[in-house]
Amino acid sequence: MLAIIGGSGLTKLSNMEVLRREVARTPYGEPSGALIFGTMCERPVVFLARHGYGHTIPPHRVNYRANIWALQQAGAEAIVSVASVGGIREDLGPGTLIVPHQVIDYTWGREMTYFEGGEGLVRHVDFTHPYDEVLRQRLLRAGALAGETMVDGGVYAAAQGPRLETAAEIDRFERDGADLVGMTGMPEASLARELDIPYAAINVVVNYAAGRWSSEQGIRMDEIEAVLHHAMGRVRGVLEMICRA
Ligand code: HPA
């Protein structure tokens with residue numbers, strides 16, 4: 001079964017036929033909200049809103065461990081993450097859809113592993129390629145089927161938030177090699193890897209990152225809202241094509 005984790009602007013899938021909801025419990029606490037089981041183009045799918053259904057959980061407080069654990073328990077065989085980001089590169093302007101291929105993790109203080117030592121074995125998972133390449137290609141094909149141009153590849157900088165970055169921080173991320181910046185990509189991706197669940201993301205650029213082009217003087221929330229609303233409609237169209245891709 002395919003799992004979809006929706007971010008800001010995507011707390012439900014209008015093209016999903018909902019069959020049931022389930023409040024899951026895990027050894028790591030409660031996930032962000034109920035798991036919504038249903039079908040999309042006649043295939044089973046489970047959906048979870050990362051920030052809760054009322055959008056009340058900020059990025060640094062999302063219980064990533066409980067979310068990924070609950071999805072695995074529910075039978076998720078692959079996880080597609082949808083999340084909004086800021087564009088660092090000039091060609092990644094608001095409205096761009098991108099399927100990243102690499103991650104740099106700048107987050108801190110989050111519960112980020114299932115392998116805490118103690119009773120369990122110490123394990124070091126391979127994370128050279130953080131996103132599953134087969135799933136990435138499938139997302140790109142789904143985009144093409146939906147008539148959307150999606151950028152293939154990009155380096156995602158996972159920032160701590162919840163505040164946006166300073167212009168100097170964005171300059172640093174770019175020097176490090178980052179193309180886009182978001183707040184929720186980690187530890188979500190590495191936890192999925194720890195549980196051996198293929199994971200890939202569709203990132204929606206909703207603003208230029210701090211200090212860049214239209215964000216040179218600051219980032220306007222009303223502009224983000226407007227882009228988000230329209231772009232998530234397009235993402236729904238892409239998700240609908242995954243089962244054909
Ligand atoms: N920075 C970090 N996260 C984001 C941004 C940003 O500019 N836009 C949307 N998510």
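Including glycine, each Cβ sits where the backbone N, Cα and C put it.
Remember, it's a predicted structure, so these values are computed and weren't measured experimentally.
For 2-240, the entry in TrEMBL reads domain 'Nucleoside phosphorylase'.
According to its DSSP assignment, THR184 (phosphate binding site) is coil. According to TrEMBL, the feature phosphate binding site maps to SER8, ARG50, HIS51, THR184.
Per TrEMBL, the feature site 'Important for substrate specificity' maps to GLU165 (among others). Following the DSSP three-state reduction, the secondary structure of GLU165 (site 'Important for substrate specificity') is coil.
The Cβ of MET183 (substrate binding site) has 26 other Cβ atoms within 10 Å, all protein chains considered. Annotated substrate binding site per TrEMBL: MET183, ASN207, TYR208, ALA209, in sequence order.
Under the heading site 'Important for substrate specificity', TrEMBL lists MET221 (among others). Other C-beta atoms found within 10 angstroms of the C-beta of MET221 (site 'Important for substrate specificity') number 10, with every protein chain shown included. In the three-state DSSP classification, MET221 (site 'Important for substrate specificity') falls within a helix.
DSSP assigns ASN207 (substrate binding site) to a strand in the three-state reduction. In this structure, the recorded positions that sit close to ligand 1, with a C-beta under 6 angstroms from any of its atoms, are ASN207, chosen from SER8, ARG50, THR184, ASN207, TYR208, MET221.
Annotation for TYR208 (substrate binding site): spatial neighbours GLY86, GLY87, GLY93, PRO94, SER214, SER215, ILE219, criterion Cβ-Cβ under 8 Å with sequence separation of six or more. The least crowded of the binding-site residues SER8, THR184, judged by other CB atoms within 10 A of its own CB, is SER8.
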